[in-house]
């Protein structure tokens, strides 16, 4: 069973002829190119930890009435997206372990159907997990630059429409991904979507950080004697770095993997990189 049916190409990403594939594999068969053997039990444990973490986030938002606002609803949806990824991976890992140990016996056709259903859920959750950070950034941007009009711009109805639209688009895109997973065009669309979200967050958060620094500078210049607010600027810079840095570090290797699949599927270096796919999944 693959971890992502729509990205089954990731497991064996080169579509070259047997001769080219054999030569590339020979060139990549030594040393660190052997990859890492990560046991399924580790994926199981990480899935459980992620599930509990996201359940706590959802429970906190639903229980606290002060958090019943569009901003926290978007955060809740992000947690639900990650939680669904965890549930899907847990289901897949449990099924794989039961099959490997002979506890569960199923026909291959049933296994393939279950694999496709689980992977469709994973794909849709991954797409929504990429989308909601961008939506949260837009929401924060409106809060800062259109503070007086925020409640008229980001109404509860518009927030619900946004959330439903993202979930619907994620479901449709996951179906397309599973159907045409071997197409480079689909992989390029996924890569482009990731880069779009990364650039969107980068531009919005830098603009917000710039405005915050401008306000701090204005406040300090009006005081007598003028004071500096380096601590506030430094804290903002650290927060910005964490927000964008964690997003890029977590998703970057996976999407770099996709880029290599499209650009150099038979290159020995790329094949070495492919062997670490399970590490990028973690």
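Even glycines carry a Cβ here, placed using N, Cα and C.
According to TrEMBL:
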TRANSMEM  42-62  transmembrane segment
DOMAIN    53-282  domain 'G-protein coupled receptors family 1 profile'
TRANSMEM  74-97  transmembrane segment
TRANSMEM  117-138  transmembrane segment
TRANSMEM  159-179  transmembrane segment
TRANSMEM  185-211  transmembrane segment
TRANSMEM  232-249  transmembrane segment
TRANSMEM  255-281  transmembrane segment
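Contact between the transmembrane segment (185-211) and the transmembrane segment (117-138) is supported: at least 3 Cβ pairs lie under 8 Å, counting only residues 6 or more apart in sequence. Away from its own ends, the transmembrane segment (159-179) comes close to residues 5-7, 70, 73-74, 77, 116, 119-121, 123-125, 127-128, 131-132, 135, 186, 190 of its chain (Cβ-Cβ under 8 Å, at least six residues beyond either end). On the 0 to 100 pLDDT scale, the domain 'G-protein coupled receptors family 1 profile' (53-282) averages 83 in this prediction.
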